[in-house]
Amino acid sequence: MSSFPTSELVKFSDLHPKPSNVTFSYGTAGFRTKASLLDSVLFRVGVLAALRSKRLDGKTIGVMVTASHNPEADNGVKLVDPRGEMLENSWETLATNLSNAETTGDFIQVVKNIINHQKIDISKTANVIIARDTRPSGPGLVAALEDGLRAMGAVARNEGVKTTPILHYLAGKKAPPLVVDCANGVGFFAAKAMGEYVNSVLPLIPHNIAINALGALNNACGADYVKTSQRLPPSLVSVLHPGQRACSFDGDADRLIYFYLDDRSQFHMLDGDKIAALVANFIAELAKGAGLDGKFEIGVVQTAYANGSSTKYLSERLPVQCVKTGVKNLHHAAEGYSIGVYFEANGHGTVLFSPSALSILETHQPSTPAQSTYLSNLIALSDLINQTVGDALSDMLLVEVILAHKGYSGLEWDSIYSDLPNRLVKVVVKDRNIFETEDAERRLTSPPGLQQRLDDIIRKYDGGRAFVRPSGTEDVVRVYAEATLRPQADGKSQTFDLEIMFIPNIFPELAFRIAGLVYDESGGDSSKRPKEFL
Ligand SMILES: CC(=O)N[C@H]1[C@@H](OP(=O)(O)O)O[C@H](CO)[C@@H](O)[C@@H]1O
Ligand SMILES: [Mg+2]
């Protein structure tokens, strides 16, 4: 908003007239009185919260609707400053003045005075987060508050029913800085440019930014390194501290992989599958909250490389499709849904909103203020996401928005499901063209008989799944394998060290058995057979 919104304020203020013969006061804990008297106060507090946020360069102001320990028929409202603290004293007086302006004209005049005296730049964005207790008068009063915020063009986030301390916490919480591994590539330019816009709310700390160093690109860093080796880039070992989130781009910044260290400094990877689960869940939640349940279909597209746990988790909630490797295949399949979420496990993906879904979002009439918030959040996501192709930066913002919204750290995100231990192995063969597949590349049709031999091996591993396909980008055959536990293939019982069992790298056996078989069956030279193949 670039100029003072007088006509909006007049229009909305007339909907919330001040009752005559009442004098309000911003007391020890904000305004507090009979709920039936508070409609105009809530509207005006919405306007004041927006002014306070603008005065503080868009920092988030909290508004809590509650009358605490007082009788249920009472209600109240108080403002919370950006660090989660009580409203600054001088503003309590402004709040009282504003609430007692008798007419819309008086009210507008007080607003103008506040803007002048506080030297408020009205063109700044205002960010306000609101919550209420369980009082029956809460929803109506929140609606009045939202009118005030709307009149001022504030960005409002309705947290629904929350305790007062949680609202203080949410208002005071900042996104912790995000370490961004730029793979020594072009993603650094983009991260740097974006940092100028987002650093005040989401501080970015770029690493691996040696664009001009020969041989540095993707070397022991970047999304492919992290995903394939399931390790922290060595360059980040002394950078990342426990609990901090980090992400890696690839060399052209169209892939994104997240990771974090837990409080024992163990590395945890959040790959494209985890991103898909986070995003698809969130979109489904927003659509439901907006009252759009059943109005359109939200689907997820994966490839055979998706971790089995992710497929299980997602299929229990949404339609999931498996297609051949390659973004073109995922993108195409995702176009078949109203909202199609697609990600390769390696972090390449995006979300597509069909034209009809977008027009439903535009025309849908929410029936409650809460529905309206969900709807505007969903529309905002459709703007945030680069729908032309997977985009590491746009995906990073998408992930950050969801984490911030849900108050998740890497740990909470990670715990939505546990990855099955897995391994990807390359096999160099004489002629990869002899390998032909079916069933979205999950089964071999050629060389004849090989699939059956693979099945015989896979069957011996609890929850085992594996497949072999020729790469479409390198002269190799790829083997992927995952299983629930380490093998009992030799029939001997094994004891497991639980600590070790959940470290994915410890699980190479099924993959190396299959790699060995593929190598031998395709005429591999026994003198050059990689030692790790079984
Ligand atoms: C297992 C794997 O990561 N395969 C990658 C790789 O394809 P291959 O056909 O597996 O070489 O490169 C593609 C292009 O970047 C990418 O879309 C795909 O996910
Ligand atoms: Mg790329």
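Here the Cβ of each residue, glycine as well, is placed from N, Cα and C on the backbone.
Per TrEMBL, the features are:
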DOMAIN    60-92  domain 'Alpha-D-phosphohexomutase alpha/beta/alpha'
ACT_SITE  Ser68  active site, phosphoserine intermediate
BINDING   Ser68, Asp250, Asp252, Asp254  Mg(2+) binding site
DOMAIN    100-175  domain 'Alpha-D-phosphohexomutase alpha/beta/alpha'
DOMAIN    176-256  domain 'Phosphoacetylglucosamine mutase AMG1'
DOMAIN    271-408  domain 'Phosphoacetylglucosamine mutase AMG1'
BINDING   Glu344, Ala345, Asn346, Arg469, Pro470, Ser471, Gly472, Thr473, Arg478  substrate binding site
DOMAIN    446-484  domain 'Alpha-D-phosphohexomutase C-terminal'
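When Cβ neighbours within 10 Å are tallied across all protein chains shown, the highest count among the recorded positions Ser68, Asn346 belongs to Asn346. Between the listed binding-site residues, namely Asp252, Asp254, the fewest other CB atoms within 10 angstroms of a CB are found at Asp252. Only Asp250, Asp252, Asp254 of the recorded positions listed as Ser68, Asp250, Asp252, Asp254, Gly472, Arg478 bring a Cβ under 6 Å of any atom of ligand 2; the order follows the sequence. Looking only at the binding-site residues Pro470, Gly472, the densest Cβ neighbourhood within 10 Å occurs at Pro470. Residues 26, 29-36, 38, 41-42, 45-46, 48-50, 52-53, 126-133, 135-138, 141-142, 145, 164, 167-173 of the same chain lie 6+ residues outside the domain 'Alpha-D-phosphohexomutase alpha/beta/alpha' (60-92) yet bring a C-beta within less than 8 angstroms of a C-beta in it. Put simply, Asp254 is the one of the recorded positions Ser68, Asp250, Asp252, Asp254 whose Cα lies nearest to the Cα of Glu344 (substrate binding site).
Distances between the Cα of Asp250 (Mg(2+) binding site) and those of the recorded positions Ser68, Asn346, Pro470, Arg478 are shortest for Asn346.
Asp252 (Mg(2+) binding site) sits 14 Å from Asn346 (substrate binding site), taking the Cα positions as reference. Long-range neighbours of Arg478 (substrate binding site) (same chain, six or more residues apart, CB within less than 8 Å of its CB): Leu424, Val425, Lys426, Val427, Val468, Arg469, Pro470, Ser471. Close contacts with ligand 1, defined as a Cβ under 6 Å from any of its atoms, occur at none of the recorded positions Ser68, Asp250, Asp252, Asp254, Pro470. Glu344 (substrate binding site): 24 other CB atoms within 10 A of its CB, across all protein chains.
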